[in-house]
Structures are given as C-alpha cells and as structure tokens.
Amino acid sequence: MDTTAQHSTVRERPQASTPRLTLSGISKSFPGVRALHDVSLSLYPGQVTALIGENGAGKSTLVKIMTGIYQPDAGAISIDGQAVTLPSAHAAFGHGITAIHQETVLFDDLSVAENIFLGHAPRTRFKTIDWRTMRKNAKEVLDTMGAGHIDADARLKDLGIANKHLVAVARAMSIDARIVIMDEPTAALSMKEIEELFLLIEFLKSEGKAILFISHKFDEIYRIADRYTVFRDGEMVGEGMIKDAGQSQIVRMMVGRSVDHIFPQRQAAIGATVLTVSGLSHPTEFDDIGFELHRGEILGFYGLVGAGRSEVMQAISGITRTAKGTITLEGKPIAPKSAADSIEAGIVYVPEERGKQGVVIGLPIFQNVSLPSLTRTSKSGILRLAEEFALARAFTERLDLRASSLSQDVGTLSGGNQQKIVIAKWLATAPKVIILDEPTKGIDIGSKAAVHGFMAELVAQGLSVIMVSSELPEILGMSDRVVVMREGRIASVYDNKELDAETLVRTAAGIAA
Amino acid sequence: MTDTPAPRHIPDRLDKPLSSAIFSWEALLVVVAIAIFAINSFASPYFLDPWSLSDLTFNFTEKALIAFAMALLIISGEIDLSVAAIIALASTMMGMAVQAGAGTPVLVAIGILVGLGCGAFNGLLVTRLGLPSIVVTIGTMSLFRGIAFIILGDQAYKGYPASFAFFGQGYVWWVVSFELVLFAVAAIIYWFVLHRTSFGRRVFAIGNNSIAAQFSGVRVDRIKFILFCLTGLMSGIASVLITSRLGSTRPSIAQGYELEAITMVVLGGVSILGGAGSILGVVLAAFIMGLVTFGLGLLNVPGIVMSIFIGLLLIIVIALPILWRRLRGGR
Amino acid sequence: ENVKIALVVKSLGNGFFDAANKGAEEAAKELGDVDIIYTGPTKATAEAQIEVVNSLIAQKVNAIAISANDADALVPALKKAMERGITVISWDSGVAPEGRQLHLNPSDTGLIGETIIKLAADYLPEGGDVAILSASSTATNQNAWIDAAKKILPEKFPKINLVATVYGDDDSAKSTDEAKGLLKSYPNLKAIIAPTTVGVVAAAQVVTDENLIGKVNVTGLALPSEFKKFIDNGSSQAVALWNPIDLGYSAVYLAHDLAVKKEEAKPGATLSIGRVGKVTLDDTNSAAMAPPFQFDKTNIEKFSKIY
Amino acid sequence: MKAFLKYREIWLLAAIAVLIGLISTRFPGFADPANLRQVFNDTSILMILALGQMVVILTRSIDLSMASNLCFTGMVVAMLNAALPAIPIPLLIVVALLVGLVLGAINGFLVWRLNIPSIVVTLGTLTIYRGATFVISGGAWVNADQMSPDFIGFQRAAFLGIPVLSWIALLVIALFFLLMTRTALGRSIYAIGVNPTASVYAGIDVGRTKFVVFCISGMIGGLAGYLWISRYVIASVEVANGYELNIIAACVIGGISIAGGIGSVGGAVLGALFLGIISNALPVINISPFWQMAISGSAIILAVVLNARGERRQGRIILKKAETA
Ligand SMILES: Nc1ncnc2c1ncn2[C@@H]1O[C@H](COP(=O)(O)OP(=O)(O)OP(=O)(O)O)[C@@H](O)[C@H]1O
Ligand SMILES: Nc1ncnc2c1ncn2[C@@H]1O[C@H](COP(=O)(O)OP(=O)(O)OP(=O)(O)O)[C@@H](O)[C@H]1O
Ligand SMILES: [Mg+2]
Ligand SMILES: [Mg+2]
C-alpha cells in the first residue's frame, strides 16, 4: 500500500449509482443484547452517507463489523460487487476500509508519523522499517490535507485535540482508503475544528471515497451528507437521499415518535450569588479566572477546544490541586482538596471524558449511580442495597435510560446511555452547584432534550448550573450568561440577551469584531 | 417540548438462569475442594483423622491471613510483593524485644506495629510518589529483609516466653487451633468489609476505574494507603503467628510466602487486573492449597512435584470457565 | 509391622543427601524390618520442612531422622512429633537438644573446623591470606564449623591469616560473584575455603577461569563426584568430607534402635551403629561419627565413583 | 543538548559513571578497562534476560517464568551434554533455543488463546517448569565433571580478546535493537503497550503479537539456560531460583515502564549493567554481606523514584506566557 497512490486522484470513478460497499442481512448479538438485526447499508463512491439512530441503536457495532473488529453472526458484505469477509482489522485495511472510531484510537507515546503509518509502514529492501520514507510520506499526507503545520516527528501527546483528529484522518488517508468511516468525529470538537473537518470531507468526496458519517447533530448531517440510513433498536428503518427528507421525518423514523427539540422556555428567576471565584490561577493552564454564579442560573462556558475550561472546573471541584485564588460558596470560602471535599460542600463536577472519568466500567449501573452518594445510601459504612436501587431507579428513569436491568454492567451500554449514567450519578448527590462539562456530548436528540429539560427543572428548583459546552446552539439555547475563555483566560462575559453566534465564535478565536 | 412517553421501567435485576449460579467461580472451587478431599481420603488412610485435619490447617492459615488483605489490595489494582519480607522484619524486631526482656503483650504489639509501619511505608511510596506498586514492593522486599539481615546477621533470636507459644501452637478447643480461629474470624471480617460496606464498594470502584472513582468523590489515595497498611498489618499478625510457631527468628523466615499468598488470591478468583473478586473464593482457595499440599505430603510426594500440581491447578482452574464459556458460546 | 523411618533432608535433589539415602537403604536391608521414607521440602527453608514433618506425624511414622534447615525453628514441630510417640533424631545439620533425642554429627565440629583450615595450611608452608566462602549466613552447621575454625586459627595455624568470610547462599551466581570479589579485594589471597559444595565448585571454576591455578588453592568440603574435575585440573589440591553413605546408614541405624527401644539416648551412653562402629553421646546427646576424610589426586578417582 | 538530556538512558549512563567513580574511590582498580570488560562479561546473562523480559513488559505483560525456563532448559542441555558429549555446542545452543521456545510458546498460547492474564499464567508456569526440572533430572545434579570441555569452554573462548559470552550478549543487543526500531513487529510491540484498543483498530493482532513476544522471551530464557549452566558448571533444580525478580528489577531500573509502551533496548542493557555493577562491586568494597540486600533494595526504590520523575507527564500547556517561560 503506497501513499503516493492518492495523488493519482479520481482513478476510476464508477457510476455513483453502483454502491462501493454493500452490507446485507447483518445481525450481531452480545450476551443478552441484540445489537443488530438483519440490517443493510450501502455506501456510494463520492458520497457521504449519514448513519442516524438513537444511542444504542447499533451504529458503532456496525462500524466495528465493517472494520473487521467484530464478526457478524449473519449477513454478507460486498465491495464493488465482490463478496468479501473481514476477519480482522488488517483484512479491512486490505480492502481499503478505514475508520475514525468513536473512542480515541491513537497512540499517545508514538510520533505523528508512526501513528499515521502503524501497521503499514514503508519498508526498505531488507524488510525493515524505512523511517526516512515514512516521515516523508507522513509530511506529504498532512500537506495534502492542509495540515502541514503538524510536525510529523512530534509525539502525539504534545498535540492539541483538534490536531489529533487531523492525524486520525491522515491515517485514514494514508491507507489509500476507498471507504472512510467516521463515528461521531465532531463530538469533541468546537465550531472551528468542525469547519476544518468538513473541508476535509469535501476533499475526500472529491477524491471519490465512499464515506459513512455518524453524528447526532442534524445541522451537520444536513450540511455534509448526501444520503441517510436510519437505525432503530438494531434494525434498519429507512434510507434515502437527504435532500428528500425533512428533519422531523428522520427523527420520527429513529425514535418512533416525534421529538421537536426546542430548548426549554425558562422563567429565569435568578437569585443571590451562590458561588464566587476570583483570581483562580494555575502555573500553566489558566490565569486569573473570576466569575460569579447565582442561584437559579445557568452559566455557559464557551471556548475553542483546549481553551482550559475543563481545567478551571476541575480546579473548582478540587480535582486539580495546584490552583491559587479563592472560591466562595454561599459566603463561606472553601478550599476543596479532592472531589470528595467538593461533593460534600455541594459542588459537583460532571466530567467530559465519559469512559475515563465518568463511568466505572465493571460495576453495575446501580452501583455507578450510587458511587458519589455512598455516604448517603449507606449507614455507618454499611451498604443498603434497597436505597441504592431506589436512587438509581429514580434518576435513570428520569433520563430515559435504555438498559435491561440495573444490575447490568455499564460497559455493555452504548455510548449515549453511558453518558446518561454519568449525569445521573452526579445529580443523585443533590448538589447546590452542578458543573456539567460537555453534558450532551454524543447523546441522541431525544435524550438531549431530556437532559436539557432536566437542567431547566433543576435551576427552577433553585440549583445553580455551570455548563461547559462547545456546541453553540446549546450554549445559546440554555445559558443565562456566557463566559468565553481563550487560552486559559476569560476573554469576555456576555448576557445571553445581547448574544449572537458570531460574537461568541469571534471572541473565542480571538478575532476582533 | 417533547411529548414524553412514560419512562421505560428498568428492573433491578434479571432472573439469572440457574446455570450461571452453578458455574460461578466459588461453585467451581467448592467442587474442586470436595474432589481433592475425596481423593485424599481414598489415597491415604491417615487423612481422615481429626489431628491430621487440624495439622493440615497450619499449612495455609498464616498465608491466608495475608491473602485476605492482599485480595483487597489486588482488587483495588495494586499488589504487595513485600509481605514475606515484612514478616521477617517484624519477627526480627520481636526478637530484639525478647532480647531486651519484653513480655508477650509487648511482643505482639511490636509485631503488629512493625507490620503496619512497613505497610504504611509501601503505601506512602505508592500513593504519594505515584509509583507502580509492583516495582515499589520489589524494592521494599529487599529493603525490609535486608534490614532484618543487617540486624541479625548470622544470628538467631530465640527464648520467646512460653506464653508466646500459644499464638502459633496453641489450641482453643480440642483440635481447633488458635490460628484456625483467627483465620475464621479474619475471613468473616474481610468478607463483611469487602462485600457489605461502602469501603469495600469503593475498593471495587477503584479497581475498575480509579480516575472515575476519584471524580466520584472516592478518596483513592487514602483508600489505597489504608489497603497497604492493612496488608502490612496482616503480615505483622502472620509474623506473630509464625514466630510463635517456630519459636525463633532468622532473617530468612517466611521466604517465598508472597508468591503463595498471591497464588491463593488468584486461585480464589480475584482478578489480577483488579476490580473483581470475593473473599469466599480466597477462603476456598486457601483450603484447596492446604488440601493439595497436605494430601500430597501424606503420599510423600516431593515438595517440588507438589508445586507442579499447584501451578497446574492455578492455570486449569482459571482456564476452565473460559473454555466452558467458549464451548457454550460456540466460539 | 515394619518400622517406618523417615529420612528428612534439607532439600531434595542434592547429591550429598541422595548418597545418604543409599546408606539408609543399606541399613534398612541390614535391619530387615525397616521401611525408609526419603523426603524433604521444595525449598531449603524451615517452614517447608515443618510441613513435611507434619505430614509425617499424620502418617504415624515410627521415627524421624532429620537434617534440619534451622536448628531452632523446627523444635516446636519436632517436639509435637515426640509427644505423639515418634522417635526423633537429627543428623548432619542439627536441631537444638529439646527438639530431638540425639544428634549425630557427621564428625566432630571442632575437628571439621580444624580440617578446613588444615586443608589450606598444608599447601601453604609459608603461610598467607585465606578467605572463607560459606553457604547462607543462616546455615547452622556451616556457622559452627567456621566458628571452630576461627577459634583454632591463632593457636594451631599462626601463619594463616583469615581475611574475610563471605556468603554465597548456596547459589552458583552469588557464590561466583563473591569468589571474584575475594580475588579482586585480596590480590595476595592464597586460598579460598568453601565448606559447601555449591560454593567450592563456584570458587574452583572462578580460579580456573581467571587463570589463577597454582596461585590460589580452593579447598573445603565437597562431594568427590561433584568436585573431581577441579582436583584434576589443579585448581584445588585437596578437599575433605565424611562419607555420606555411612552418615545415612548410621542415622537410620540409630533411629531404628531408639524406636524399637533397643537403646536409650542419654549422656554418656555408647550406641553401636552396625558396620560403622560405635558412638558415644556427650552432655547434649550429640555424637560424632568419624573424622572427615580427605580427597586429593591420589584417591579422588576411586571415591568419585562411590559418592 | 536539552533534547539530549531528555533521554533517560543518558541519565542512567551518568548514574552508572558516578557509581563506578564511587566504587573506584574505595577500590582503585574498578574503573580499569580490563575490569570493566569483565563486569560486562559478568553481566551478559542478565542483560540478555532483561532484553527478553523487556519485550514482554512493553506489551503490558510480564514473564515470571523466565528463571524457571532457564533452569529447565539448562538442565536439558546439561543432561544432553552429559549423555552425548559428541553433540557440537552450536547444535546444543539451537536445542536450548528450541526448548526455551516451546516453554515460552506455552505461556504465549495460554495468554493468547485463553486470554489469561500473563502474570497468572507465568506464576503457574514458574512453579511448573521448575518442578519439571526435578522430574526430568530425578533431582540429581549434573556437575562439572559430567560436562564436556567444549560445553564449558565455549563461552570462555576469547575472540579478539573478548570472551564469546560477551560477543553473544553484543549480538543479542544488536538483534533486539534492530527488532525494536526497524521492524514492524517491534513497532507493534510498542503500540500494544501504548494503547491496546487502538492497536486492534490499527490492524495489529494483539493476541498473536503477545504470543510471539512470549516466544521471544522463552527463547532468550533457553539461551540463557545454556549460558548459565556452562558458566556456573552446576545444573540443579535450584539454579537461578528467584532470579526472575532480578530480571524485572533490571528492566525497571532501565526505565521500562511496567505499564507498557515505554522503554528501550539501551535502557534494559544499562539497567542490567547497573545491577551487575552493584553485585560485582559490593563484594570488593568490603561492605558487610548482611548489608547487601538492603542496599540493592534501596537502589531499586531510588531508581524507580527517579524514573518516575522523568516520566511525569508534562501536561499540555494552555497559557502562552507559561509556554515561553
Ligand atoms: N461489547 C459489548 N458487549 C455487550 N453489549 C454491547 C457491546 N457493545 C455494544 N453493545 C450493545 O449493543 C448495542 C448497540 O451499541 P452501539 O455502541 O453500536 O450503539 P450506538 O448506536 O453506537 O450508540 P451511540 O450513539 O450511543 O454511540 C447497545 O445496546 C449496547 O449496549
Ligand atoms: N493535547 C491534547 N491531548 C489530549 N487531549 C486533549 C488535548 N487537548 C485537548 N484534549 C482533550 O480535549 C478535551 C478538551 O480540552 P480541555 O479540557 O483542555 O479544554 P476545554 O476548553 O475545557 O475544552 P472542552 O470544553 O472541550 O472540554 C479534553 O477531553 C481534553 O482531554
Ligand atoms: Mg456509538
Ligand atoms: Mg474540556
């Protein structure tokens, strides 16, 4: 597989009407879960097909089947009309299938060039790795993508998240892929990076690649996709050209009912100051952060990815300890030294990295939910299971969790349903201030509405919410005020009444109006 | 807004098929234990004798005491290879105290406190400096025993008071030794702590995902520190027992106990990767190891051949459920 | 009903003890009504040996003859055996008096101490530096011999200068490191005395490798079959040992006589041991079998075929 | 220069230099090239073993059975040599490699096919292989007298003034260097350690790579088996008992992260040298034998603490000001 091949652009561009890849009758079950049942899907060269479905509908499972990581229980796969089997990820590469998976799947301690070429590095005459050519090719691939600013020799861990995404894409392109799959590539990105990604997708389209695009964001789907396929509960329930379908029609297909996602109308009843942060500083991450949060308020935090919002929130909630400055809760200064301290004080932080920081895979759902509230559900250190179940039931049903039982391991839930667990477990601690970091990252439209509705309800009860989000509509639709951060400092604070998207993006990027 | 349908009800538990209970780890261990017991009774006429069975328990009680604490530590994702060295150091300190004329209560206190101190030292290195425990305890393993060597050199301490002999040699009632009683009590305490308290729950949470546990308000470092202290404490107690049983101290005491304790824990179904395990499993594993070594001992099988059986047992017992699942799953 | 006698050794898989077992079987045949159980632990530790003793108690053997890994640690277990009516003797490496009825030393401790120094001194008429490479620092018998050697040194061998005692833990690699260390630290070293088989082989190999044959003499206690090569190549002039076959033979003989109450172990008693002769018990109920026997170029060929 | 200092190996090298310097103050001859050559030769076996262990640790696994493998294979070749002294040594080395390979493959197979954690598998085979040594030998030793002169002499023969043992070590180092930096397998080994999930997605067969890695450590164990036995001229069940921890300690001191993915051939070699120098020097600088264990224990702890400092992640820096500072 040589990387120069991609320069001979559109080599053979078959009729757009003949699919490049066809899946038919695919079924896949996990112990106790039927993830996919008799689904079919076609991808066409030079076209973007959007795969749409609720959390747990089976999208990622299908991706893993297409990339040879899972084997289907039944069904057939064909590429350019030829039946193929994909017994391993390597085999999928061989057929030109490549994917940007939902989870980060790169190698932090390896160089950019290695990340791009791992598994198919150029060889010398003696079959040893040819580092020179590899670096050269890596540069070329990055250049063609317009990502020439990334140093091919840099360690991946030294890159920002957006650049990491670019590396993932570069890897996909280096394989001379004919089929590119992107599973929620935009979930962790903010506007600017999403725009860059879309340019790339256009580029890939022009190269004649068949693209599968998975996202829960309809604006993106309408912008970039040519076709759509909808899954519900592991079954294919509809497909067609995107221009022929309206959003409500698609949503009805995917949820089985109509969901009109309008942000909840709230009567902002903003009260006294609850939390005051001033002069909060960290040697390398942020400097002189100061703001106030009121009772019944939703305070949005906007910024480009990597602006340092999460770091500030983690300092407020005692997880990062090296902060200078003062935090005052209800008039009393607090200095949390751990998450336990801040939870006790009444501030909870709902982290953004679900898999790493949010859920404890290996423990059942109810134990995950009760974990931060254990002091309440236990009596002098002795567990009371009935209380734990009651707590878990109350909060998971509220968020419309899809699970077969509360004793199920959270690891077997889909990404979006795991996110619901994450929100449920911290809400269950009955806090005064709740900090939500990217609360709806990767969750489907129905659940998103549930989360938003729930947030509105919380503030109506007198809680205060800080919501870190990179999603503009969410920021604009939910916040009372918005703090914009740039490079570790507060750039500006806006009242939502005077706000429009453009101002926010400009402030965040540091471009003068 | 959304037209919200009634939320789906999620049951607390699904009724598990009977087969999954039958093929649980503990059940497998019970079967293995019974099988070995039966084989032993057949193979040797001396096995089914109350005093033999009582002697048998001495083969595992001390190691099992350590194994209980080690089980918690391993469930939390850490490990302690220095336990045997802690025994040596604690025993040496007790020996020094005897030399200085200390009585039995003081000796016991010294043994336990030294164990606790060593455990705390491990715990500090691991939690404060964020070092991997397997590496730290390889180091402290040499350090602790090394200190015992520095103190004792080629000498031995003996002359423990007669009352001190009770802990490792005494019987509470008929053939029931003090060690066995202590083993049973410790098993119950550890079972309760691990499976019935919020502390135990947090240990499981840490083992499965320590970062998420930390974000959820679990004081991860504190709990890990406590677990290292507990392991040190149990090693200290084991040191009292073994010193009393041997009636003397040398720096080479309890050599190789760490691997036997860990084998017991793993055989008991505790995941070496952390996050899963039960005390019942460890108890059963302790009995199995005692039964195997004693049974083979009665047949005068050389010790080294016995260790082949233990090694095979370890791998087979762990492989069986995997193979079984694979056969049933058809893959 | 045969008399069951367990011959418990420090660890199985050691040529010395295998030879002792030969002697034990010989005694059993001679005595007629004896079954020998030859056993020992995985590792040469007291704890492991206690497990072995416990299983022997359960088997209701008539006598235990043990070469102990630790003089004190085994006492409680062996006491328990005696309480249950089992005759207990120690041989080779002893147990404290309260843990056994008698102890059969392979030879007189003082004599062994003297012999290991003499082996070196015989080939150093001018005198000079020597060093001791022992087994583990906790080995009872080795330590006793070394103490005896140190005691006798000033009076009998004034020209011999003992510069160091190091421990190789009966581990080839460690013994090799220590032997090399000795040669480096003491350039004038004339002899290395290793009263342990693993150590003596390691030292002789080091001397061979460093081309010091003729300059440094290796000596100590060694089984002829395992050491012949180094007598042959000259890295060692002579080593000594007692006859392990006789030792095993005697241990079983004594254990049998005590078990069937033919003899009684008390200070001053003289007990007969078949073809080996007679021994007399001292105040601690210990007896020495025979003086160490010396092997050199003249006789190693013959003995290496026997043990 | 700064980039240069980033490498852990440089620091380790400096530490070794300081160590040699310190020893020289108490024992002047220590830093002589002749003596250092000898130290290298004395450490060769540990270096070879550490390299074999390194590839295993890099994949987030561990091989506790290496010393037992060494013992078993050593016994096999010693018995072969005793029975059939005519077998030429190179052939015997091939036998050692093959026997080691089989033992390693057993570990690898259990890890790969049954998905049992490697620490459990090798904890089991640690006792099984040593027990098997007892079974095949009946507990008897093979001693110097039974070994052929070639068997003992091979590694001692000098070539260009350097013993064959050292040459073998150099060859193994070179091979591992090639393996780790120039081959796809080497890169896969790193990748698996850095991120196993991502490796699956990148088309690496994680299970099979682990199998291969255990085969490598097995072969190394086998090779070391012959070298060990012919060096110390006794084959017994007790050979290298407990040595697995020395091997791991060498890797750890050499900066190989027990969490996988981080470490280099140079690190493993230097880590082994560091331990080798300590065990070589302690006897010559007149330190009481009873202090040795505590000293090497402290050295390990110290090395880990220092390594951890180097490894501490430099978080990504958001503030511009701090970046330039
Ligand atoms: N390894 C697994 N073991 C058991 N069940 C699984 C596993 N992986 C996925 N599932 C189940 O399969 C179903 C489909 O999951 P999948 O991850 O494909 O959903 P998804 O459509 O990608 O959802 P999301 O939008 O949340 O990412 C879910 O019910 C999930 O719980
Ligand atoms: N260089 C990087 N390497 C790894 N992860 C990164 C990097 N930069 C950003 N990220 C990840 O991207 C996410 C956002 O980064 P960060 O928390 O620093 O900024 P933020 O302003 O809080 O952004 P967000 O609002 O998206 O959380 C986090 O999950 C963070 O771990
Ligand atoms: Mg998904
Ligand atoms: Mg963030």
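Here the Cβ of each residue, glycine as well, is placed from N, Cα and C on the backbone.
Per TrEMBL, the feature transmembrane segment maps to D:41-59 (among others).
Annotation comment: TrEMBL describes D:66-84 (among others) as transmembrane segment.
Residues or ranges marked as transmembrane segment by TrEMBL: D:90-112 (among others). With a threshold of 8 Å between CB atoms, the same-chain residues lying at least 6 positions outside the transmembrane segment (D:90-112) that come near it are 61, 63, 65, 69, 72-74, 76-77, 80-81, 118, 121-122, 125, 129, 151, 207-208, 210-223, 225-226.
According to TrEMBL, the transmembrane segment annotation covers D:119-142 (among others). Distant neighbours of the transmembrane segment (D:119-142): 61-65, 67-69, 71-72, 75-76, 78-79, 81-82, 103, 106-107, 110-111, 229, 234-237, 239, 241, 244; these residues of the same chain sit at least 6 beyond its ends, with a Cβ under 8 Å from one of its Cβ atoms.
Long-range Cβ contacts of the transmembrane segment (D:154-178) within its own chain (Cβ-Cβ under 8 Å, at least 6 residues beyond either end) map to 37, 40-41, 44-45, 47-48, 51, 54-55, 89, 186, 220, 223, 227, 230-231, 265, 268-269. Under the heading transmembrane segment, TrEMBL lists D:154-178 (among others).
Summarising the annotation, TrEMBL assigns transmembrane segment to D:185-204 (among others). Same-chain neighbours of the transmembrane segment (D:185-204): 55, 57-60, 178-179, 210, 212-213, 257, 259-262, counting only residues six or more beyond its ends whose CB sits under 8 Å from a CB of the stretch.
For D:210-233 (among others), the entry in TrEMBL reads transmembrane segment.
Counting same-chain residues at least six beyond the ends of the transmembrane segment (D:245-278), those with a Cβ under 8 angstroms from any Cβ of the stretch are 8-9, 12-13, 15-16, 19-20, 23, 39-40, 42-43, 46-47, 49-51, 53-54, 57-62, 66-67, 173, 176-177, 180-181, 190-195, 295-296, 299-300, 303-304, 307, 310-311. According to TrEMBL, the transmembrane segment annotation covers D:245-278 (among others).
Annotation comment: TrEMBL describes D:290-308 (among others) as transmembrane segment. Long-range neighbours of the transmembrane segment (D:290-308) within the same chain, counting only residues 6 or more positions beyond its ends whose Cβ lies under 8 Å from a Cβ of the stretch, are 8, 11, 249, 252-253, 255, 271, 274-275, 278-279, 282.
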